[in-house]
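What follows is one structure encoded as structure tokens, with my remarks underneath.
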Amino acid sequence: MQLLSFALPILILLGYFAYRKMFPFGNSSILTVDLGQQYVDFYSFYRNTLLHHFSQFFYSFQNAIGGSMWGTWAYYLFSPFNLVLLFTPGKWITFGILLITVLKVGCSGWAFSKLLLKEKWQKGFLVPAFSIAYALNGFVVANILNIMWLDALVFLPLMIIGIENLIERKSMWVYPVFLAIILVTNYYMGYMICIFAVLYFAWTYVRNSEKIQEKWKTIGSFIGRSLLGAGMAAVVLLPTFFNIMQTKAQYNTKSFQWKFDYSPWKILPKFLVGGFNFDQMPKGTPNIFVGTLVLIGFICYFTCKEIKLKEKIATIVVSAFFVVSLCYQPLDLFWHAMQFPVWYPYRFSYIVCFWMILIAARGLLKITRLSRLQLMLSVIVLGVIVEYSFYNIKKFGFLKSTNIVISSVIIIGFLVLFSVPMKKWFKLSLLALTTVEMGANVALSLNPIDYVKQSDFAGFISNLNTALDGIRPGKNEFYRIGKTFERSKDDPMQCNFYGTDEFNSMMDPKTSNFMNEIGDSSGDNYTGYSNGTLFSDSFLGIKYMLNQTSDTNVLSPYSTRLDLSNDNLVNGTNTINIYKNPYVLPIGFAASPDILNVKLQSAQPIQNQNMIAAGLAGNKKLKLFKSYKDLSVVYSNLKDEGNNTYTKVDGNQDATIQMPFTPKTNDPYYLTIGPAFANNGNLNCSFTIGDQQLTQTGDFNSPMILNITGGGQKDQKQTLTMTLTNNSLQLDSFGLYHLDMSKYKSLMNDLNEHPLKLDHFSNTKISGTIDVPKHELIMTTIPAQTGWHVKVDGKTVKPKKALDEFLAVPVSAGKHQVTFTYRAPYLFLGAIVSVVSIGILVVLKKKEDSTVRQSEPETTK
């Protein structure tokens, strides 16, 4: 039965993936939403780290402009199933992810069957029936793309076996071991399971209270072994907790409302097949589909005479707590560690599914036919679900009449099976119908979801890797590579280069803030270097810029950089031109201590870049960017509403804003635009300079810098045209500037005279020599995250923080040997706690084994 419980969910899921022609079954892939825009790149990073570049295990310069990786590993990558990825390189990584998905689902079914058989809560074909319901419950189907959460469903039943062992005072090592595994594979899901472990222990303690002889000792064992489990995971938890405090915890909810988010009745349609679609991902009701068999079993549990009243009361209390948790905002927030989810709400709903299925299995243990009361209650409850869903179908976008009909037919089928005497084929028939129902839910729930074409994914990766071949840094070299197009913001992790972009829930918010302040697309958990200038390119050490050619069938451009014409076009492919920056700065260089006094201003990207340049030079009067004073603007089909806001006069006609200007120099020109130019990721207008359409991402929430000329247009009239795509436009943070190329080149040449010459580079250790001409400092573009340690001439020094983002080291004049070393904070302490905890558990297990051996002769007698 365990083999069947493992195989059937896999076959159902594989069958659906084949039907959707997911690679290798066709040209679709398993990639969608965050799995396609984030996780797949992390998995490529996983392969590259374990197989080739282990130094980036703890810290990586592929993480935006540099960042700690420990939290990323703890949240996304510590699953043992990920080892499959070591055998699926390149485009085959999508197949590796597909294999991991089906293996996790299959192992979830196996683990649940093991729990049922071990505790003797079910037998026969109902074991795989309930196991399929668990492995393919509504949470799993809705979050099939969030595969880092699915490990929790594999190890949860095994941990529950451990708690039952604690009650029985045997094999008491099982609980802490699997608790530790859960916390290591995903601390976030582990947090939720810790809450449930307390609830479950209390429930099973009440259920077995008459059998427990040493009550306080049993409670003490649970508390002690819970601490041991957390202790064994400390090597992951302690550095992760510190990482969270630097990143995710800064977004914790400071306030909430003591209210119900919705009526509990609105959960009912989620018990029908197909209760999910794309719109449910960002904001929806809990995904708690468990199948009709479970609903009937859950009802029967409370009518089962073999189950004691005190257990039923305890079950009602726990169940009521779950119901309230699903719709009462403070409890929902509590389950999510005091952070409201961004997309994928009610992430603890898999625990509710587990609870319902477990109770249902116990309720149907000795039932082969429903009593009149059980049949009546089942008809009433299931009828209410169907009727409520039918009469409110227009209120639920995911509901379709077809789905209600299919669910109704399946419900009738189950009620018929439970009503007629059929002992021989009864359980097998229930298994067959459950398999059909769970498979139908998979198909009907996932059919509305679009998936990335395998050819698009593989084509982009192939094109980018071809362009990168030959320009990636060599041994003991460091520089960054930028680009004006993207598949995702984690492309550097996918294709193994030091970039500038990142999308990661564990991202340091200071990096996002810095990128915002210099005029780039950044926000909570992401940054995209979409709108750089020649100066910001050089300052950040971007030696090469990749720019899409006119052929953009494979690439998705997000900005236009006409100023790249000032760099050297050195190479390229059919789809990508490669520009080499002749003025790029190294990762470290001598600069004025004035940079330590620069405080960047909010919503002033051009002024901030000027201040950075002046601070580096030690010249407060230096201004690289100068404002164009003689701006004139021509409005067509627009009415001035005040506050720089303009609305269309005739909504059926085009409305434009034209800005003619004549450059007085051959410098590149830049336009600043504020967040009012965009709405929900889309621009409120298009930009054209002359006859050339300018590409610009609409994903920004602070002023951006848009490059509109490359230079060389002195005394040649230019016209920038903005064509509204909506009915109104606010000219927010609107200004025109040019970069003084002579001052820019002079500054870069001066700063490049005293570079940090690397003799060793890895992601966690950077060393080199530098000749400082006078009492200055070593300015770096290494993000100043806790964990970096600096030595100058063999002596430890405390670095400063420049621009609230980068490491800077004051030094005296002369030649110096400088070493930067990164150590993950609290990793060593966590390792000690883990080793001690494991040692304690080993001692306790030996003591337990000794006690068992001593009691065996008495048992034999």
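Residue numbers in this text run from 1 along the chain shown.
Heads up, the Cβ atoms here are built off N, Cα and C, so glycines get one too.
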Statement: TrEMBL record, transmembrane segment, of the ranges 90-112, 366-388 the matching one is 90-112
For the transmembrane segment (286-304), distant same-chain residues with Cβ under 8 A (at least six beyond the ends): 129-130, 133, 137-139, 141-143, 267, 270-273, 275-276, 280, 312, 315-316, 326, 345-346, 349, 352-353, 356-357, 359-364, 366-367, 370-371, 373-374, 377-378, 381-382, 385, 407, 410-411, 414-415, 418, 430, 433-434, 437-438, 441, 445
- prompt: Cβ under 8 Å to the transmembrane segment (149-167), counting only same-chain residues 6 or more beyond its ends: which ones?
  reply: 79, 81, 101, 104-105, 107-108, 111-112, 114-115, 118-119, 134-135, 139-140, 143, 173-179, 181-182, 185-186, 188-190, 192-193, 196-197, 200-201, 204-205, 208, 211-212, 218, 221-222, 225, 347, 350-351, 354, 358
- request: State the residues, same chain only, that lie 6 or more residues beyond the ends of the transmembrane segment (124-142) and have a CB under 8 A from a CB inside it; answer 'none' if no residue qualifies.
  value: 1-2, 4-5, 8-9, 12-13, 105-106, 108-110, 112-113, 116-117, 150, 153, 157, 270, 275-276, 280-281, 286-291, 293-294, 297, 344, 349-350, 353-354, 357, 360-361, 364, 427-428, 430-431, 434-435, 438-439, 441-442, 445-446
Query: Under 8 Å, at least 3 Cβ pairs, sequence separation 6 or more: does that hold for the transmembrane segment (56-78) versus the transmembrane segment (227-245)?
result: yes
- prompt: Sequence-remote contacts (6 or more beyond its ends) of the transmembrane segment (313-331), Cβ cut-off under 8 Å?
  reply: 199, 202-203, 206-207, 256-264, 266-267, 286, 288, 301-302, 346, 348-349, 351-352, 355, 359
